[in-house]
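**Student:** Here you go, one structure.
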Amino acid sequence: MSDSGLKQKTAKGLLWGGIGSGTMQLLNLLFGIFLSRLLSPADYGVVGALTIFSAMAGLFAESGFTLAIVNRKNISHDDYNAVFWFNIVAGLGLYGLLFALAPLIARFYNQPEMVWLSRFLFLGFLFGGIATAPSAYFFRNLNVKLRSQIQICAILLSGTVGVTCAAFGCGYWGIAAQTVTYSGCNALLLWLRSPWHPTLSFRMAPLREMLPFSTRQLMTSLFTHINNNFFSVLLGRFYGMQPTGYYTQGSKWTTMGYSTISGMLNSVAQPVFREASEERERLCRVFLKMLRFTSFVCFPAMFGLAIVARELIVLSVTAKWLPCVPVMQILCVWGAFMPVATLYGNLFNSIGRPNIYMWNTISLGLMQLLCVMLSYPYGLTVMLEVYAGVNVCWLFVWHYFAARHIGLRLSGVLKSMMPYIAVSLAVMAVTVAATARIESAIVSLLAKIFMAAALYGLLMWRLKSVVFRESIGYLTKGRLKL
């Protein structure tokens, strides 16, 4: 594919990825507000403590085959079919295992009610495994628009179910019902809209061919989820459900912020990098272009979320959740850099080096665990600060391998990122200072949002930001001028 064709395909994917991701996060935000008002921090803590188990089980069931399919140069019905039947068998086996282990999980947290709650919640990853093959089909073919529409429908239905259950006094079962309904609805709609459907024939050959790549991807994903969720396990075991609930709430808001950007990038990054992977110079060009766009969006968004955290929590989920504000602000710092790390991960997968991604993620996880355990005596705030700092510093490790394997220069990366970091920090500092004396939470929130957005847009225009002008041009004319 030519550079111009690839750019237009990327731009279209980013546009629909952004619209879809933004809409999904907005819906999650609205439903989350309703649930947070109806439920207690302890309710969130009970479900949050189980997240790591369902997430890991879902990853084992999927086993990295989605990205393995995307990375194959030639694909056939047999490839999708083999992945589908593997996911069915693996999912059923894992669900049976976790069903039997539910009493032990409940005993670990000293929460007897977790036995049947976990057994119900784990149905979500079973439905997710059924959807792996059709989801991989849409992902490989960059059908971002349809995938987004399906996910939005699933969020609407599941959110309605969750809020209804909570309103009728079901407590944490409302969150569990929302999770399981989303997985089931998403799987059903993917099946109905997918042009690919399974057959009863089954060949092991495609699985054997994809296994080396998928195994590395599985290990990477497992450690990523462990890294993202071990705080919930640690807090749930040693601090109780209420602190776990505060952490879960703060983490949820931060995740909604950076997931909007990461979701938009993930919908196109690896397929686009794969298109350019034959030419290293072209791949570096494409990577830096996507890095500039990522920096243009993620740094003002996440730093902005940090400065409005207090007002946002008070107005949306009430003052009972104020203890989660420091958690949210610290995680926003790392959240600003999270999409950059995601971009590096997609780069390594696209050049057929998932082993780099895997070992980096494992090493990062071990480093995080070591640093957090060393800072454990100093409290949650210090642990989170150490966690965020380690993650930001690890970007240099990601870059070392990118420079080694495709010749990506650190100067080019810093030149792509630093202007947006500097402008974002300056804008947020001015905004906080200018609005410091506003007492009304709603007035303060609106003033910070409008002032920061106006200042950032004005500075981007005055500094002649290419990404800013291209984004405006694409939105108004439907073309990407490069």
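Including glycine, each Cβ sits where the backbone N, Cα and C put it.
TrEMBL labels come from automatic prediction, so no person has curated them.
The transmembrane segment annotation in TrEMBL covers 14-35, 47-70, 82-105, 117-138, 150-169, 290-313, 325-344, 356-376, 382-401, 413-435, 441-461.
Explain the structural surroundings of these features, please.
**Tutor:** Here the transmembrane segment (47-70) has long-range neighbours at 79-80, 83, 86-87, 90-91, 94-95, 98, 105, 109, 111, 114, 117-118, 121-122, 124-126, 128-129, 132, 135-137, 139-140, 172, 175-176, 179, 207, 210, 213-218, 220-222, 225-226, 229-230, 232-233, 235-236, 241, 244-245, 247-248, 270-271, 274, 349, 354, meaning same-chain residues at least 6 beyond its ends whose C-beta is under 8 angstroms from one of its own.
Under 8 Å from some Cβ of the transmembrane segment (150-169) lie the Cβ atoms of residues 20, 23-24, 27-28, 30-31, 34-35, 38-39, 175, 177-179, 181-182, 185-186, 189-190, 193, all in the same chain and six or more residues away from its ends.
Non-local neighbours of the transmembrane segment (413-435) in the same chain are 288, 291-292, 295-296, 299-300, 303-304, 306-307, 336, 340, 399, 444, 447-448, 451-452, 455-456, 459-460, 463, 465; each lies 6+ residues outside the stretch with a CB under 8 Å from one of its CB atoms.
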**Student:** Do any residues of this chain, six or more beyond the ends of the transmembrane segment (382-401), have a C-beta under 8 angstroms from a C-beta of it, and if so which?
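**Tutor:** Contacts of the transmembrane segment (382-401) (Cβ under 8 Å, skipping residues fewer than 6 from its ends): 231, 326-327, 330-331, 333-334, 337-338, 340-341, 344-345, 348, 356, 360, 363-364, 367-368, 371-372, 374-376, 408, 410, 413.
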**Student:** Would the transmembrane segment (290-313) and the transmembrane segment (356-376) count as touching if the test is at least 3 Cβ pairs under 8 Å, pairs 6 or more apart?
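**Tutor:** Per Cβ check, the transmembrane segment (290-313) does not touch the transmembrane segment (356-376).
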